[in-house]
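Novice: Questions regarding the structure given below will be posed in turn.
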Amino acid sequence: MSFLTTPPNEHTTLTSYLQLPHLLSLTWLAYPILSLIFVAFRLQASLASSEDAISSAKSNLLASCKAAEEAATSTASLPRYMAIATNQQVADAVNATLRGARAALILTLTVMEAIINFIIDLYRSIFLCFLELVVRGGIAILVGAVEEINNVLATVTSGLRTQIQASVGTLNNALRETIEGINRINPFGDIPVPTFDPPNLDGLDNVSLPDSFQESLLRLNDTIPTVSTIKEKLQDIIGTPFELVKRDINDTFAAVSFSADTLPVPEQNKVSFCSDLDLSVVDDVGNDIVKSAKIGIVILLVIALVLIGLNCLFTWYKWRCMQAHLEYTRQAWNTDPTMQTKGSISATPQIALSNHNLMVLQANSEHPLVTRITNQLSQKLRLSPRTHTHMQWFFNYIFHPPAAACLLIGVFGLLLIEIQLLAMGPLVNKYQEQAAETTKDFSLLIANSINESMLNQSTIYAAEINGRVDSVQTTINDGLFGWVDGTIVPLNTTINEFYDDIQNAVQTVFGGTILETAATEFIRCLIGSKVDAVENALTFLHENLRVDMPRVNDTALMLSPESVNEASAPIAAAAMGGGTDDDQGLIGRLVNSYADSLRKERVTFGIFLALWGVVVLMGLFVLFWHSTGKPLLEKRRRRKYEKSKGMLPEGGFVVPYRDGSAPPSRDEKNLGGGGNGGVGLAMTGDELPQFTPLPSPRRSAFKPFWNPAKPDASGEAKDVEKEPSPMAQVAADEVSKLKAFRLKLMGKSTESLDADSKASDNPPGLFGKVKGVFGKKDADQAPDYWTSYNASSDTVNANTARPNIRVIVDTDQDREDTYGNSFRHSADIEGADIYTPPPNSRWSTSPGPTKTSWNLKKLTLLSPKSSNNKKLPAVSGSSSIGPIPPSMSAAASGLKRQPSVPTDIGASFDDPFMASVSVPRKPSPIVPGIYPVPLHAAAPAINNNPYQRAPSPPKRFVAPYLNDPSALSRNTSGSSASKTHRRSSSHPAAVWRVTNAASTDRLTASPMSSQVSLPARMLTSENPFITPFDDEHRVEVVNPSRGEVRKSMAVNPFSNAAAVAI
């Protein structure tokens, strides 16, 4: 590429990556802020729908009110429909009443006439009988006197006797006829007919009276009135007015009748009350709903603004954490005691930047906060590395930006909706009473409208009905009882005339006699009092005989207030909502409409949250698979394989060298491992079955909560599968001739390479590639047998194609000023053993360990972590070592350094801006490129040959600090202490120290390919998948104070803050 070969033509202040100001300018696009904005927009949509619902509620309320007006009009028109049905009944009742009144009046008059006739006839009969008694008694007295006289006067009395007897016979006949006539009209029974026997006047035959006396008696007999004449006259006088009244009654009632068709019917009256409808409660509820929604939107916007500010701080904090991580990485790579060097002190450190290392670095840089949280959780919960890896993967998985966006949208949306739904209850309670009052007032309005309409109709109807009643009443009074004025007076006159006739008759009979006064008094006492009573009765009839028909009240067609309220309450409830059903009235419907829209939005946010839940379930499934499922499947496959193969054949497969005192590992047992002698049995490459388990790589040395590890009692290593490199399937014929030549110089044969190639021809399947990463840790691992970086970098076999990158953090000038001759006298250190395996770094980042002298009196390790900017003294149990200086600097290479570029940048030949620079002053020797580079070249061997092979197997190495960690801080060599390695900058180097050393940090193994040609070669096994971030919590870092920093050096402005925060 051109930018690798040519320097830039123009100077620019921009970089290819975003710096802090650029990141701060994008803080408003964070997922939480976008989630809040999304929720605010959804709430705004709900607010618009609520406003539409309010308008719709008012429209529906008016429409309901119109319908209520129609219903109220129908209710108010009840008098019309009541009158239509009532008029016929009223007419029938009036007509029946008239017919009954006529019959009653006629019957009454008939009975009255009979009673009057009876009374009059009774008095008449008594009078006539008494009169006859008096007359006949007087005549009998006279006859007796005459007989006495006739006895004297025989001649006179004989004639008188005959005449008297004849008169008595006539009297008997007349009396009999009279009594018979009375019996014919007497309803109380027959009156016996008295018989007057003629007196015996034989003695008067000889007596005769004078003629004048006899003529006077005959004349008296002729003057007595007859009974039949009086009777006929009384009947004519009494019966005539009654007959007239009866005829008038019949004629009057025949002309009077009530017809339902002629009765009035009220008109339908329309009720109107919607113009007086109070809609303020709807407006108040709507305003409160809109107000609450707007408050929610404003709160969301305020929270969004606050989150923007907090996100700026958070972005600054992440930038600071990233800078701290970069400082960790830079100083970790520089101070790693296992860093591979090129045979000289000034050689460039080489690290293995595999895909795994870069992916871990990228993940940590992408999620620094998640990484920090997981590290702290692991430290506090004292989780195992496997559990820590799973937890960090799980958090990175479920908080992947799209998944985190779903989570935030769902949580913020549901939280806001639930808050609004909870606020609906107080809102309903607030306006429920007001709505009830409004409904009550509306009911009263409807009731008053109905009452007013019904009162008007009832008044008109009653007036018309009463007019008809007055007409009928006048007709009856004038036509039926008009005879009173014309008959009462004549009847009274008739009775008076009857009384006068009786008195005249008595006067005629007894006038001039001694009985006149007695008879007159008797008639007055017997008949006069009764006549007076009859006159009074007729006068009462004249004054009171009138028909008063009942009138119709003005409120006859009105309903009672209870009935009107009962009729108007459902109408008001239908219009306003009564709250007795599911809609909870007007307020309930209005609030429920908005609540329903919120519930629909809740479904949307619930879907977002469910999507994040699906991601969580997927992550849990993946964790379950890699922690339980896959190991079980691999175990089943291995058991099936072992069962199918039975006893493994001997020969062909070489087991790495192992000390005889340690028990065989599981890999050696499964593959026919050797005995205590060290070299195991071999198996031919042709006999290797497919999916043969390979020796597991060294597990991660990351232990954020490091405890001194206790070795397994059995000393048996656990099986962990090795993940193949991306170049695992490169064919063996692609090995270059140069590599073959280098193998020959190393004393290796092609057979060993072929054996290694055949051993890796059948890599484990995809299912078992990551078993070593997620496998369960049963106990502390024993030393694994894995091809070291030195062998892989020298042989470049098919399983290793990891690039070698030189990372330089020090300039040449700084190295000369800082390091000086710190390693110049390293060859003079006594007791140095090139075969003694050096300690494995806590950082475990570089592909190969760097050989250093452990007889130095004082070694200082660098680390970015600091506490209060003070140097920490070396303590027991912690090891320190100086950094490895780089080979050259930008100044030495001739590249002009920009003032804004730190001295650590552009100091490597791998840098694109150094591609066109001339060859450095001190190029790397060619020999390390051809011959295998020793793993520990910091101190030369005693015979000054760093590449010689030992003729015998090495002694078992036991690191002194494993048993006694304080040995590193003591001067074990007795020689003068060499100067500590200092950083390339002008300020004192920061000090880092391993605070929790463990025995598993120093694991030795022999490469399988070198056992045949190199029976004694001790290599340090390392895990190529470890990054400096894995051991972050195992190192304490002390940075120098700010006052000691060189002013000309570009300084990270967040270094102190990062150190304090971290």
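Even glycines carry a Cβ here, placed using N, Cα and C.
Straight from Swiss-Prot, here's the annotation block:
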COMPBIAS  841-850  compositional bias 'Polar residues'
CARBOHYD  Asn206  N-linked glycosylation site
CARBOHYD  Asn221  N-linked glycosylation site
CARBOHYD  Asn250  N-linked glycosylation site
CARBOHYD  Asn451  N-linked glycosylation site
CARBOHYD  Asn456  N-linked glycosylation site
CARBOHYD  Asn492  N-linked glycosylation site
CARBOHYD  Asn553  N-linked glycosylation site
REGION    652-675  region 'Disordered'
REGION    830-850  region 'Disordered'
REGION    960-991  region 'Disordered'
TOPO_DOM  1-20  topological domain 'Extracellular'
TOPO_DOM  42-102  topological domain 'Cytoplasmic'
TOPO_DOM  124-294  topological domain 'Extracellular'
TOPO_DOM  316-396  topological domain 'Cytoplasmic'
TOPO_DOM  420-604  topological domain 'Extracellular'
TOPO_DOM  626-1062  topological domain 'Cytoplasmic'
TRANSMEM  21-41  transmembrane segment
TRANSMEM  103-123  transmembrane segment
TRANSMEM  295-315  transmembrane segment
TRANSMEM  397-419  transmembrane segment
TRANSMEM  605-625  transmembrane segment
Novice: Calculate the distance in Å between the alpha carbons (Cα) of Asn553 (N-linked glycosylation site) and Asn250 (N-linked glycosylation site), and round it to a whole number.
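Specialist: Distance (Cα to Cα, whole Å): 31 Å.
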Novice: To the nearest Å, how far is the Cα of Asn250 (N-linked glycosylation site) from the Cα of Asn492 (N-linked glycosylation site)?
Specialist: 24
Novice: Do we see three or more Cβ pairs under 8 Å linking the transmembrane segment (295-315) and the transmembrane segment (605-625), pairs being at least 6 apart in sequence?
Specialist: no
Novice: Please report the DSSP secondary structure of Asn250 (N-linked glycosylation site), reduced to three states.
Specialist: helix
Novice: May I ask for the distance between Asn492 (N-linked glycosylation site) and Asn451 (N-linked glycosylation site), taken between their Cα atoms and rounded to an integer number of Å?
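Specialist: Given the Cα positions, Asn492 (N-linked glycosylation site) is 56 Å from Asn451 (N-linked glycosylation site).
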Novice: Work through the glycosylation sites one by one (Asn456, Asn553) and point out the residue whose CB has the fewest other CB atoms within 10 angstroms.
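Specialist: Counting other Cβ atoms within 10 Å of each of the glycosylation sites Asn456, Asn553, the minimum falls on Asn553.
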Novice: Can you tell which of Asn250, Asn451, Asn492 has the least company, meaning the fewest other C-beta atoms within 10 angstroms of its C-beta, among these glycosylation sites?
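Specialist: Relative to the other glycosylation sites in Asn250, Asn451, Asn492, Asn250 has the fewest Cβ atoms within 10 Å.
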